[in-house]
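Shown next, in structure tokens, is the structure this report addresses.
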């Protein structure tokens, strides 16, 4: 069944999310497995090697001793040591990471791998690759995905299913391709991260075509995590997103007439939801031209006049101010694109634009501090192919430190990584269901890149390699009336139930609105 989205400025269709394919039943893999309908359950939730066996002390020692010893052999002093260090640092780092990622033991061996040969999962097109990667001779994950995108290897089964058993056929050794991207792609972007770079990357990504995103995001057109309300049932993608919109509005204590600034508003779904159901006055900010047109059309179709709410196409640094500051500022998974270099100044700007009794809601993706090598390889893949420039995905401690330094007080934090996994699982199925249309317009390579991204991200967000946090904040000043925020100090479940009670008239308000009642 298909339907035309009433807000779309383009003529294309959405499909209903296809039913989940049958998951390979988990054998006795040594650890407990689950079977909740809400998520894609892991058949083998295994841990691999990571930070607990990585020696920073040894690495630093090598970085210091090798140039020092080399300089000493020729009678050199400090200046000679520094000179040699310029040439030895990168080779030492590359060799150390390559060796460590190859020989480090697993974090634990509680979970038993299925133990099937490489050829059970993968079909290589060249005789050389078939001879190289077979039996127990695993392929480095970075080498695999580059070959997969180039059409040199195929899965013999559903991509997500094969990736669930990736430890049978892939290793997580750091390769030359990873080092090349890290040194000549990731690091330069991290250091520069200019305004023009932001604009170029965002528009190249989000203005690719609304249909490209619609074919996995579905009718809500929301590119951020939804929220599960019941782990014992499979809610639709649209229900997950409606849950999230309600949670956001209740966590910030949204009231009629509140001025709201939504930074990185995407296609404007939150702006429309807050305008229709809560009577808020919303200004959405995005660099995407397509998103701006879509969002404004959606607001007008829902009966929201431009004098109440609007979507503006501009850099966040140029966001309009209002007298006294916005009552609410929301930022859902846009801050990662600000970059580490500008993260502190971005938060300072948000603080300056917020009313002294206002609320700031930040939903931000991040990585775990106790990393495993596959987390880092996944992160570099994401930076190269999916979100170039989004280098502010960090452990939670960094985010909290920057928020407090910018003058905020944390009111509440919820971790929603597994909710993201549930969302991604539905996006993945939508992508497969629209596969032929994607290939016809954008080509096999783009289809495969997003297939891999959505499948692997379903796994990594479920197992904690990458996660996402909802952080509710107020200004940390003496005149903030903290007592007035007690009634809206919700966790995820409480916020959803409050939305039903306050504006839902017994049921959760829907984001699918074409005319304001």
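Think of each number as a place in line: the chain as shown, counted from 1.
Cβ atoms are placed via backbone N, Cα and C, with glycine included.
Feature annotation from Swiss-Prot assigns S-adenosyl-L-methionine binding site to 223, 224, 286, 287, 288, 289, 290, 291, 316, 317; the stated evidence is similarity to another entry. For 290, 478, the entry in Swiss-Prot reads N-linked glycosylation site, with the evidence type sequence analysis. For 58-78, 80-100, the entry in Swiss-Prot reads transmembrane segment.
The binding-site residues recorded for this entry are 223, 286, 288, and the Cα of 286 lies nearest to that of residue 478 (N-linked glycosylation site). Ranking the binding-site residues 223, 316 by how many Cβ atoms sit within 10 Å of each one's Cβ puts 316 at the top. In the three-state DSSP assignment, the secondary structure recorded for residue 316 (S-adenosyl-L-methionine binding site) is helix. Neighbours of residue 286 (S-adenosyl-L-methionine binding site), defined as other CB atoms within 10 A of its CB across all chains, total 26. Of the listed recorded positions, namely 290, 478, the sparsest CB environment within 10 A is found at 478. Classification of residue 286 (S-adenosyl-L-methionine binding site) by DSSP places it within a strand.
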